[in-house]
Amino acid sequence: MSKENIEQIETARDVPDIQDAKFEKRLLRKIDWRLLPILGCLYTIALVDRSNVAVARISGMDEDLGLDQGNRASVALMVFFIGYIIFEIPSNAFIHKLGAANWLSFLAVAWGLVSLGIGFLNDWKAFAVMRSFLGVFEAGFFPGCVYLVSSWYKRYEVQKRMAGFFLTASALSAFANILAYGLIQISKHHSYKGWRWIFIVEGAITILTGIGSWFIIIDFPDSAANTFLTPEERAFVKARLAADRGPEDHEKVTLSIILQTAADWKPWAFSLMYIAGAVGVYAFLFFLPIILRDGLGYSLELSFILSTPPALFSVVEAIFISWLADKTRLRGPFVIFQGLIGLVGLCMTGFLNSPTPRYIGTFLGVAGANGLVVTTLAWQANNIVGDSRRAVSTAILISMSGFGGIYSSMVFRQQDAPNYIPGIIAVMAINVAAVVTAIVTMLLLRVQNKRADKAIGFFIPYLFRVAVQRAVAVHHSWTWRNTAESKSVVVLGGSFAGIELVRRLAETLPTGFKVIWIEKNSHLNYSFNFPRFSVVSGLEHTAFIPYDGVAKNAPDGIFTRIQDTAVGLTDGQVLLVSGEKIDYAYLAIATGSSQPLPVQVSSTERADACQELQSVQLSIKSSQKIAIIGGGAVGVELASDIKDFYPDKDVTLIHSRNELLSHFGKKLQDYALDVLKNELHVRVLLNERPKTPALGSMRKSTTLAFADGREEKFDLVIGCTGQRPNSAILTSLLPESISKETSRILVQPTLQVAIPDASISNRPIFAFGDVADHGGPRMARAGWMQAGVVLDNILAMIHGQTPPRTYKPNLFVERAIKLTLGKKHSVVYSVDDNGSDVIIPSRGGRLDLGIEQAWKQSGADFGKAEEVAVEHMVKPGSGAYQVYGS
């Protein structure tokens with residue numbers, strides 16, 4: 001085997017294809033089954049061992065140990081949390097040092113021995129001492145579990161996994177009351193009382209499970225001890241985590257890290273919310289059986305049985321909320337929701353008279369408390385950056401929850417039994433504090449990003465309009481009818497703007513009209529990712545998204561896609577290169593602009609387009625000295641990626657103006673220049689317009705001649721300039737409507753094609769996107785907004801009305817850009833109400849730049865990224881083009 005082949009194999013192994021959806025799904029299932037069941041099992045046992053005191057107390061323990069006198073019960077319950085609080089933060093340092101399996105299994109065996117020992121006690125003071133030891137050993141388990149789980153999954157995969165082991169444990173521990181009732185019956189045949197058998201048997205089960213868990217628990221993703229994964233699978237896991245979170249410093253948990261994390265306000269805000277959940281959890285855990293028996297008047301047997309359903313309901317509710325939170329990628333609103341339903345449940349349990357509604361209130365109270373714990377954990381995990389800081393933050397969060405246990409132990413006093421009204425009011429108060437804290441935290445997190453205040457003002461109405469559009473589309477799919485006399489609305493071009501208009505026309509045109517889409521490509525060129533995919537191999541096939549899902553929700557017969565090129569227009573027909581003529585009643589031109597490789601590709605088929613990007617990858621890989629001409633967004637991203645992925649290459653970025661990114665503000669220009677020059681060490685030449693045989697293209701072994709007379713030879717010269725509007729289609733019909741200065745199509749504010757020297761044109765021809773001279777930014781978001789204007793105006797004209805909407809650029813949205821500067825840096829840019837620059841730097845994101853989301857938005861199946869999916873294909877006998885439709 002050649003050295004080149006060996007290097008290729010090693011590269012494939014070191015940088016796995018993170019787009020392999022089937023492999024990824026299979027690997028996640030493998031990790032889920034190895035990690036979550038054993039953690040759920042151990043946490044079930046932990047909950048049982050700390051809460052079995054509740055059923056033991058109503059089974060004779062209070063009388064035997066003297067816990068029914070004064071505040072002894074509250075003190076004995078409270079001391080558990082002293083050790084729990086003190087030892088939680090240092091525990092995550094031990095899990096890092098000793099390994100997850102060693103540490104977590106040791107803790108389980110240790111607290112199992114303590115629990116077993118409680119069964120032989122005869123004094124309440126000894127019981128209090130043993131409870132304190134139980135708190136010490138249980139302290140490290142839950143934060144260790146949370147830390148371990150959050151280390152294996154992407155940020156928005158974490159909450160449902162946390163919910164999985166936490167809520168499964170909550171559900172199973174609820175059945176422990178029924179088990180305890182069975183153990184109590186042993187006392188009928190032995191001298192030991194029933195409550196003692198609860199601790200003895202359950203403690204023994206804990207010890208055996210802890211020993212067995214050592215063989216099952218897996219370590220952190222970067223550990224070679226995880227032999228259940230192959231080397232390729234371990235590399236895959238690390239690559240997908242790095243792509244999701246960006247490169248993180250894997251620091252050890254040191255005193256410095258602990259102090260830095262403790263100085264941040266966020267862990268403490270999350271702690272208050274978590275404390276509120278913990279207060280509710282412990283209140284119901286310790287006192288629900290007592291409330292059921294003595295407060296609501298149920299028998300001992302029913303008190304055991306009725307303690308289980310509220311916990312089971314809380315599991316179902318929290319799993320649904322967790323799924324919804326991960327799906328919407330929201331956290332704060334769900335924390336608020338859980339706090340509010342907890343308040344409702346507490347009100348019902350504490351202040352209603354009838355036993356049945358009071359019992360129903362326990363369902364809401366338990367659900368709110370458990371859900372508050374899970375959603376808060378995930379919220380903090382998503383907002384603390386850095387592996388070690390996240391470990392410390394998690395430990396702070398959970399150790400502070402120990403105060404919730406102390407709080408609930410002390411406010412539910414023996415003298416307030418059996419209804420514990422003061423205790424319920426105290427729990428309600430902490431829930432109110434949690435809701436207020438969640439609202440404040442949401443606001444503080446948002447004001448850290450100056451875009452957010454204005455984003456709320458734009459995106460809430462925008463999202464409302466989208467929701468209305470979805471509802472209209474559903475109704476439209478039921479009511480539209482295909483007729484032989486249907487007139488055509490023809491859209492030319494498959495740009496971002498064209499796709500948006502086609503989709504919305506197909507979902508809104510009235511009966512009697514249909515949409516025909518003429519586009520030369522078989523796919524959308526997702527050009528946002530071309531700079532990255534011109535450098536990194538193995539992802540280029542994902543940059544070409546099949547068009548098949550664009551109108552998948554439209555009724556049959558309303559939409560036809562023709563893969564061909566429009567070459568001319570008459571007043572009512574589009575002429576195609578194949579010779580076909582397509583009639584139109586309304587025409588929308590969204591043909592965009594043309595640029596050379598690698599800014600755009602020329603191939604019309606997906607496989608050929610992939611080869612074009614692969615040719616750029618090979619040219620870059622084989623060249624040492626590379627010049628990039630053009631300091632716009634594409635040139636800057638391409639230069640930064642080449643230098644970051646190939647740090648040994650000599651990269652020069654040449655721009656003809658005084659500043660890079662000339663169409664954007666100075667803050668972005670300065671930030672990009674600083675990263676390029678001082679961090680990536682890219683050579684940047686400004687105010688230079690070198691002469692080259694073919695400026696605006698890619699050439700190997702080329703000499704550039706500069707204005708001062710010097711010449712410099714490069715192995716590869718890549719041109720990122722030379723944008724040309726694709727406006728020639730209008731030449732045959734309205735040549736005077738093409739600007740002589742910009743070559744773009746002149747349009748009115750309604751985006752109808754403008755005719756010089758005419759006060760108004762009522763022609764049913766529209767132009768928008770990069771091909772039109774509309775006065776707004778030439779960016780995809782502007783095209784999307786313009787598509788909405790064109791849609792509304794076409795619909796108005798169909799109904800005999802004057803086009804009502806005019807295009808007014810929303811620069812905050814339409815001029816916004818996310819610029820990627822190599823692997824470690826990205827920056828979001830926009831402008832505020834005063835026209836001032838706003839930039840938000842951040843750590844580098846995913847290796848694939850989130851391409852999967854683009855597939856979903858286009859209606860394409862990302863699982864078929866490897867395939868060229870062509871459905872509904874028809875080859876007319878007389879034409880050379882291909883027709884695709886629904």
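Backbone N, Cα and C define each Cβ position, glycine as well.
Pulled from TrEMBL:
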- 35-449: domain 'Major facilitator superfamily (MFS) profile' (DOMAIN)
- 73-89: transmembrane segment (TRANSMEM)
- 101-121: transmembrane segment (TRANSMEM)
- 133-153: transmembrane segment (TRANSMEM)
- 165-184: transmembrane segment (TRANSMEM)
- 196-218: transmembrane segment (TRANSMEM)
- 268-292: transmembrane segment (TRANSMEM)
- 304-325: transmembrane segment (TRANSMEM)
- 332-353: transmembrane segment (TRANSMEM)
- 359-379: transmembrane segment (TRANSMEM)
- 391-412: transmembrane segment (TRANSMEM)
- 424-445: transmembrane segment (TRANSMEM)
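Long-range contacts of the transmembrane segment (424-445) within the same chain, counting only residues at least 6 positions beyond its ends with a Cβ under 8 Å from a Cβ of the stretch, are 265-266, 269-270, 272-273, 275-277, 279-280, 283, 332-333, 335-336, 339-340, 342-343, 346-347, 349-350, 368, 372, 383, 404, 407-408, 411. Tallying C-beta pairs under 8 angstroms between the transmembrane segment (268-292) and each of 101-121, 165-184, 196-218, 332-353 places 332-353 first. For the transmembrane segment (101-121), same-chain residues at least 6 beyond its ends with a Cβ under 8 Å from one of its own Cβ atoms are 42, 45-46, 49, 52, 65, 91, 94-95, 127, 130-131, 133-134, 137-138, 140-141, 144-145, 192, 196-200, 202-207, 209-211, 213-219, 225. The average pLDDT for the domain 'Major facilitator superfamily (MFS) profile' (35-449) in the predicted structure is 82.
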